[in-house]
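> First, the structure itself, so that you have it in front of you.
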Amino acid sequence: MPINVPDGLPAAEILTKEDVFIMEEKRAEHQDIRPLSIVILNLMPNKIITETQILRLLGNSPLQVDITLLYPETHRSKNTPEEYLIKYYQTFDSIKDQKFDGMIITGAPIEQMPFEEVDFWPELQKIMDWSKANVFSTLFICWGAQAGLYHFFGVPKYPLPAKMFGVFPHTLNRRDIRLLRGFDDIFYVPHSRHTEVRKEDIVKVPELEILSESEESGVYLVGTKGGRQIFVTGHSEYDPYTLKAEYDRDISYELPINVPQNYYPGDDPRQTPVVRWRGHSNLLFANWLNYYVYQETPYNLEELGNR
């Protein structure tokens with residue numbers, strides 16, 4: 001089934017060439033089925049790359065999805081032109097009176113800053129609080145997951161001695177959770193971060209449950225009971241060459257960076273990267289969309305405030 005995006009969105013052309021079913025607004029107006037409404041709060045600097053990665057995964061679902069793109073109005077973007085944001089994105093003030101089946105809050109390359117020093121932190125707090133009554137299920141990614149765990153549950157983040165950078169094996173802590181349905185016993189996920197949340201802090205919070213972790217990269221999937229909030233510390237949405245682009249960028253700036261682990265054959269950056277996470281990423285987003293949004297959300301979204 002298609003995902004509905006704003007007319008003319010550049011990601012639509014890219015994904016159409018990949019045979020992802022994209023439906024622009026004009027065509028979607030003639031559909032009789034109520035699509036799922038998903039709002040994506042895109043905090044990444046290069047919004048086009050991130051929105052394309054996420055839409056690719058949402059478009060692999062058999063469900064029809066209506067997309068709203070959101071950006072923090074209190075942050076001035078240096079990497080995405082303002083006219084692009086005006087054309088394709090909404091601000092919180094423009095959507096705060098709406099309700100959504102699902103929400104995705106992306107990561108941001110600011111994990112070394114204290115949360116309170118992030119210029120859009122007050123706005124993000126307001127959006128996260130709003131989501132509790134206006135969104136059925138929210139998926140938090142990487143820094144977004146750290147921000148959500150800190151804001152709602154007081155879970156701190158800690159600096160790492162070296163950047164967690166590479167593709168790491170993960171295992172399941174539960175097998176009877178719908179989000180994990182179909183996951184392999186061992187599956188791989190990219191990570192790219194300078195900070196971490198720790199198991200000993202999360203297990204102290206009765207509302208939270210660690211669903212998956214890694215001996216190398218730590219806690220990966222955390223959920224609230226019932227799945228209204230899902231926290232993902234890795235980047236399963238990454239394209240095959242995203243880690244390469246980050247590595248090449250840091251090398252060009254002469255920044256201290258290790259070769260991403262388990263990514264290049266023989267850890268040799270002259271080789272073509274090996275993708276080990278594509279199946280997992282599609283399953284994670286499909287399960288969230290199906291089991292935690294589509295099958296649970298009320299048909300009348302105005303009922304959300306009562307749940």
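Placed from the backbone N, Cα and C atoms, the Cβ positions cover glycine too.
The shown structure was predicted, so the numbers you read here are calculated from the model rather than taken from an experiment.
Taken from Swiss-Prot, the feature active site, acyl-thioester intermediate covers C142, and the record attributes it to sequence analysis. Per Swiss-Prot, the feature active site, proton acceptor maps to H235. Under the heading active site, Swiss-Prot lists E237. The substrate binding site feature in Swiss-Prot is assigned to K163, S192, R249; the stated evidence is sequence analysis. Residues or ranges marked as site 'Important for acyl-CoA specificity' in Swiss-Prot: E111. Look at Swiss-Prot and you will find S192 tagged as site 'Important for substrate specificity', backed by sequence analysis.
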> So the record assigns K163, S192, R249 to substrate. If I measure every Cα pair among those residues, what is the longest distance in angstrom, as a whole number?
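For the residues that bind substrate, the greatest Cα distance is 15 Å.
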> For the recorded substrate site formed by K163, S192, R249, which further same-chain residues have Cβ atoms within 8 Å of the site's Cβ center?
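Apart from the listed residues, the neighbours are F165, L243, E246, Y247, D250, I257, P260.
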> If one measures from the C-alpha of H235 (active site, proton acceptor) to the C-alpha of E111 (site 'Important for acyl-CoA specificity'), what distance in angstrom results, rounded to a whole number?
14
> For R249 (substrate binding site), what is the secondary structure by DSSP, using just helix, strand and coil?
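DSSP call for R249 (substrate binding site): helix.
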> Relative to the Cβ position of H235 (active site, proton acceptor), how many further Cβ atoms are located within 10 Å?
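Other Cβ atoms within 10 Å of H235 (active site, proton acceptor): 23.
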> Could you list the residues of the same chain, at least six apart in sequence, whose Cβ is under 8 A from the Cβ of the residue listed as 'active site, acyl-thioester intermediate'?
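Listed in sequence order, they are T106, G107, A108, E111, S192, R193, V232, T233, G234, H235.
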> Looking only at Cβ atoms, how many others are within 10 Å of the one on R249 (substrate binding site)?
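There are 11 such Cβ atoms around R249 (substrate binding site).
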> How big is the Cα-to-Cα gap, in Å, between E237 (active site) and K163 (substrate binding site)?
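That comes out at 19 Å between the alpha carbons.
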> When a 10 Å sphere is centred on the Cβ of E237 (active site), how many other Cβ atoms does it contain?
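I get 25 for this one.
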> Which residues does K163 (substrate binding site) neighbour through Cβ under 8 Å, counting only same-chain ones at least six apart?
S192, R193, H194, I257, N258
